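*Asks:* Handing you this structure, nothing more for now.
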2 protein chains.
Amino acid sequence: MTDLKEGVCLSAFWYSHEQCCWTSNQTTFADRDKCPQWQKWAELMTGHAEGAGAYVLNYFLYILWALLFSFLAVSLVRVFAPYACGSGIPEIKTILSGFIIRGYLGKWTLLIKTVTLVLAVSSGLSLGKEGPLVHVACCCGNLFCSLFSKYSKNEGKRREVLSAAAAAGVSVAFGAPIGGVLFSLEEVSYYFPLKTLWRSFFAALVAAFTLRSINPFGNSRLVLFYVEYHTPWYMAELVPFILLGVFGGLWGTLFIRANIAWCRRRKTTQLGKYPVLEVIIVTGITALLAYPNPYTRRSTSELISELFNDCGALESSQLCDYYNNPNMSRPVDDIPDRPAGPGVYNAMWQLTLALIFKIVITIFTFGMKIPSGLFIPSMAVGAIAGRIVGIAVEQMAYHHHDWIIFKNWCRPGADCVTPGLYAMVGAAACLGGVTRMTVSLVVIMFELTGGLEYIVPLMAAAVTSKWVADAFGKEGIYESHIQLNGYPYLDIRDEFTHRTLATDVMRPRRNDPLLAVLTQDSTTVEDVETLIKDTDYNGFPVVVSRESERLIGFVQRRDLTLAIKNARQKQDGVVSSSVVYFTEDAPQLPASNPQPLKLRRILNLSPFTVTDHTPMETVVDIFRKLGLRQCLVTRSGRLLGIITKKDVLRHMAQMMNQDPESIMFN
Amino acid sequence: MTDLKEGVCLSAFWYSHEQCCWTSNQTTFADRDKCPQWQKWAELMTGHAEGAGAYVLNYFLYILWALLFSFLAVSLVRVFAPYACGSGIPEIKTILSGFIIRGYLGKWTLLIKTVTLVLAVSSGLSLGKEGPLVHVACCCGNLFCSLFSKYSKNEGKRREVLSAAAAAGVSVAFGAPIGGVLFSLEEVSYYFPLKTLWRSFFAALVAAFTLRSINPFGNSRLVLFYVEYHTPWYMAELVPFILLGVFGGLWGTLFIRANIAWCRRRKTTQLGKYPVLEVIIVTGITALLAYPNPYTRRSTSELISELFNDCGALESSQLCDYYNNPNMSRPVDDIPDRPAGPGVYNAMWQLTLALIFKIVITIFTFGMKIPSGLFIPSMAVGAIAGRIVGIAVEQMAYHHHDWIIFKNWCRPGADCVTPGLYAMVGAAACLGGVTRMTVSLVVIMFELTGGLEYIVPLMAAAVTSKWVADAFGKEGIYESHIQLNGYPYLDIRDEFTHRTLATDVMRPRRNDPLLAVLTQDSTTVEDVETLIKDTDYNGFPVVVSRESERLIGFVQRRDLTLAIKNARQKQDGVVSSSVVYFTEDAPQLPASNPQPLKLRRILNLSPFTVTDHTPMETVVDIFRKLGLRQCLVTRSGRLLGIITKKDVLRHMAQMMNQDPESIMFN
């Protein structure tokens, strides 16, 4: 569908340009357009392949197709599944931390996201398919869960399945099974026990295996951008690699800030009311600006693939237009360093324009109401920057072999600088700057490219990029979007270092009404019903008596409502004045008293407690590690108050000088 | 030193055989012995390189060198650092779970383990260097910690450093940085937050970078056993790969059971009293049996390297003795399948004998009082088995192209089966069977070999091997040794599913004396001193009064002793009858009363509590996740008892029908 924007294959309209030309021998980049089976729209409609008229017609139809695809995508999302938009990773992170968003992982989301993702990617917008594929995989995982009561009834088990599904999603998106497992561990999951590691690994194995059986890239490889470099890297090259890391970190910061500012504007102004129009306008601008530049016109994965490639002697891309040494006596693969030809200089200009274009347009694209991933655009930005740096270093080394920095490792006639490797390192740096991944990033990069020899350069770039980006703000793009949307996400990475105590956070505060509690043997059914009606708490602590306030247990609002309703209907003698007993044995009452209601079975006898002097640092740690929803606060065995997850999140927001009311709750 | 057992390099005695012959052109396996600089001992001493006499002399000197090396190793360990023996991984796991073994990570252990590891590996015993290198790295990490008070004073921070050190250790041992991080995560560490992941990653990066700068393998590669295969794998090959997985699982089970049985015998009988003799005898037997077989005579890493290798046309090893097609018109690397020559059949016999020898001798070697790792021997067993299976499949495919299983993918003249790949898969399977690693195993394997294309076969073998081995017993070799030694290790992987409650585990039990508590305002200094003298508890709960028993806090024995000692020395008027106050304000007492002692500042006001009805499943979870040492048990705010980590471990052992008294405590 991406290629359909430019032309059509006469032998079968569903073939891509590359598939269409497989039978032809001219499949290198430069000769692509000469494959006779493939016709551009102008050629097909008017018979003229060349000339200004044909160019304008092609240009016009390119924009038209792009608009059609994106209009279809945004309309389907609007009408059928509003949750199908975006990358989905911030929401999945939130869901895995214990929040429930109903329908987010439902079958409609699955169906619509799958279809609209294809449309969105084909429309040529600056977005990728990786994040949405993780969302799609999690939808599948969730649907499978609902088939087995063991998983559908236990939220914890369901989350373990979702963690594994996320791993499988990345495994399929990139053909990177190990990277998928690590991505799930490092980026998506909240609680990741070893058992889940092992299961995610199995899920990713099966995903990779299935992918290989289907063989979508037609080369029996799992690897998406397979590269083969012929030279090792040299110590001195670490300097440009680290510079690329710095660029990645700076770009990551810039992107996150600008994108969040734009998304906030969308959220708070009139802009947010016209999502369809917004998508149409951005698609129009993207197509209008992308078409004239050959590096932005093609699909982003093709671009990345070309940028990663080493210039062998047979490569005919514009980027490989070097002046070759005429007396070529070496084997084909061993290329000495060469001066760049006009094609390379031309490509440098076009790449610079493409870089600026991609940097700007991605800011406005990510967050629109269509499925949109961030991996491919980030990698494209990094790969373009990296290739430019790589060619610059290469030409510098060629023209200045005598410079002290090149002297030791780059003798004349040696093939010492591989610009494709710089592109790879740049891609890793930018992806790292945006997402703040480390180990998973490096593993994904070398699973993507097969470049196992280049772990150290990749690691160096990833580390630098993370450091630089972290210096400007701890949050990656996903955490920033979580915060923007106000999801109640307790980030496991933030260290809570303030010296507040549980007593400062618990409710009731000093001027609040008393804590709503039940007593173990002196509350009547009517009291309970009034309490349920007057408050909207999820549960109530049960104490011995109002005087001693010693804590007995905790009862859920849901259970209490149900138990009273059942008792009223089925149990004779239970009336409004019946006393509710939470003790082990209800005392023998005179017959004149109404029948008591025994509710010990719905009482949670082991509620979580902390003392009022517990530092909030410890409380936050407990909430995170044990996944609590609330925790009771006591002093010397007396109940003082309650801290809910909401209170903890609000307190943390307050401590970070943010508006505590911006956090959303289910 | 390994090569010194066989001969010496005339140009420089510290050169290995390979280094010695680098200048010579005959460096392939078959021509190794013809390098003129390298002389076997018999040749050097008698001038005769051939003949029965020379063979016997070489044989004798080989054994003598082996005995010398191992004697030195075991003596150094015995005399200077008893903790330097073994692999160290079980102990490091235990230390990372919160147990303290003094001196285990000290400078003597570091020094002696480094020296004796070299000796032990050179002696030709069936052991590897990987586990001990993790221990050595952790010693370094621990020594660095002691330089910074931030780390030396905080056990938690120190453990994070040790986790990162373990990653760096594996990174150096294998040249596998990512594998190292995952090994630390999956196998060694107990609590591994994302922050540690990221730091381990950095440590592993620096380790890999340093390793590459030193370039120990002389090939600018990080990779230890670099292989390059020329054919992809085929679906049908998954059957033998899975069979290798089954073999790995079975061997793992057999090895663990036999090794543990032998170690138990060593622990419980007279055998354990003669560790030096034991090492000497095992070394003697190993050398005696290893010398005649060329596959056991050489060092195990060389053996693995040869087994992993693909038989190119230029390879001259015995394993590559195929009948080549005389009219060879293809390029060098594209080898059609060929019938095996006599060398291959000969090698098959020798490999079978080597397999049996390695399987048996490793059982007796692992656990002796010298540094001994398990990775290399396990991989050797798997690689031998894998290569045998690989050659069998290859010859079957050559001779029976018409069989239905080969028909689809293995046409005559095609190079369809790579026996080296089978060796790699077999090695992964055996390593997986022994250690039960999954993700880290696969990553280490492909970092070791550079075989990124073979993730799916490796994963399939690892998964099968884990399943088969788990069917016979959940514990890997490290957990088994932890249990054998009775370390108090709360395995994070075991699920506690019994339905006991906190009340069943807490002390005091029904017939025990009352819980030793302090009251907040009615205990005298003398009472406290008596309590400290009479008991050996690590701390005491403080309650409001003996009647109400409402919990105020918890005070450490250490702090209490110190505070009273200080007060007695420095504070006037504090005598035995002084009352100890834990309340906020001590009441104004008449002047006749002795000066009170205020100790609120040493009182932990937020001790961890659970109610007596809390299921032990939850309690175990809390102990694990929060790394507690003790937890107080209350009912309705009243203190009932205490549960220590010791109690939890004893209870778990009891529930698993093990002797609870076998667990050791510091």
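Numbers run from 1 along the shown chain.
Glycine is no exception: its Cβ is also placed from the backbone N, Cα and C atoms.
Keep in mind it's a predicted model, so treat the numbers as computed, not measured.
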*Asks:* TrEMBL tags one of B:274-291, B:454-471 as transmembrane segment - which one?
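*Replies:* Transmembrane segment, as annotated by TrEMBL, spans B:274-291.
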*Asks:* Mind pulling out the one from B:59-84, B:105-125, B:161-185, B:347-367, B:421-446 with the most Cβ pairs under 8 angstroms to the transmembrane segment (B:238-262)?
*Replies:* B:421-446
*Asks:* Where among B:59-84, B:161-185, B:374-393 do we find the most Cβ pairs under 8 Å to the transmembrane segment (B:105-125)?
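*Replies:* Per the Cβ under 8 Å count, B:59-84.
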*Asks:* Restricting to the same chain and to residues at least six past its boundaries, which positions have a Cβ under 8 Å from a Cβ of the transmembrane segment (B:421-446)?
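*Replies:* 170, 174, 176, 178-180, 182-183, 185-187, 227, 229, 233, 240-241, 244-245, 247-253, 255-256, 304, 307-308, 374-375, 378-387, 389-390, 393, 452, 454-455, 457-459, 461-466, 468-470, 476-478.
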*Asks:* Counting only residues 6+ away from its ends, which parts of the chain sit with a Cβ under 8 Å from the transmembrane segment (B:274-291)?
*Replies:* 59, 62-63, 66-67, 69-71, 73-75, 78, 123-126, 266, 297, 357, 361, 364-365, 368-370
*Asks:* Give, as a single whole number between 0 and 100, the mean pLDDT over the domain 'CBS' (B:603-661).
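*Replies:* When the pLDDT values over the domain 'CBS' (B:603-661) are averaged, the result is 86.
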